[in-house]
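Everything below concerns the one structure shown next.
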Amino acid sequence: MNQQQFVTALAEQGLEVSDHQLQQFRKYYELLVEWNEKMNLTAITDEEGVYLKHFYDSITAAFYFDFTKVETVCDVGAGAGFPSLPIKIMFPHLKVTIIDSLNKRIGFLNMLATELGLEGVAFHHGRAEEFGKNKQFREHFDVVTARAVARMSVLAEYCLPLARVGGQFVALKAAKLGEELEEGATALKVLGGNLRESFQFQLPGEESERNIVIVDKKRLTPGKYPRKAGTPAKDPLG
């Protein structure tokens, strides 16, 4: 997917990319490739791959969830900024908080935000389980996002404690979602979430299945969750 195909594909979904936004994506790509030589940010470094499998793929969440109606977003395990920073570029009003367990990536994200002129972004080093217990972050965000971080049964315990009641958890997943949703049903219920809907589609020009899962936060998460760091992955709820 080249730049023009990227713009056209988003326009087909009702999303217009301005010249300024296109420049931001271009700079994002250049910095990602440059810094990837210093640290492991992504296995995908060719321009068409980055535009399709990182930028476009991140923004697909906005095809099924209306980011114009929310203000605060927390992205768990964003790595090199996906999905939240491409979403932030497209929806500049958003206040984005990223939590990532690797401090080197936080350094990259701080530099990236400065270079792209992104305002209303904050980057925090640590584990989602720790932030889910922190009163400053717990049940604070309109939307919590995550892309390819863990299976739903684990991901729910990372993300739902951070979403406010009335907010949403939006997960960007790859193939074979049905089994994950079955496994994760108990976790969603225990943690105060209700599955609203899931959407399956393919990336343009590829037979790569993708899924967007939207979970409504209906009830407060019980105080004992999230459990201590590492426990959700070792012993998923359900």
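We count from 1, first residue shown onward.
Quick reminder: no glycine exception, Cβ is built from N, Cα and C everywhere.
Marked as S-adenosyl-L-methionine binding site by Swiss-Prot on the basis of sequence analysis: Gly77, Phe82, Ala128, Glu129, Arg147. In sequence order, His54, Asp57, Ser58, Arg147 constitute the residues six or more apart from Phe82 (S-adenosyl-L-methionine binding site) in its chain with CB-CB distances below 8 Å.
Classification of Gly77 (S-adenosyl-L-methionine binding site) by DSSP places it in coil, neither helical nor stranded.
Phe82 (S-adenosyl-L-methionine binding site) carries neither a helix nor a strand DSSP state and counts as coil.
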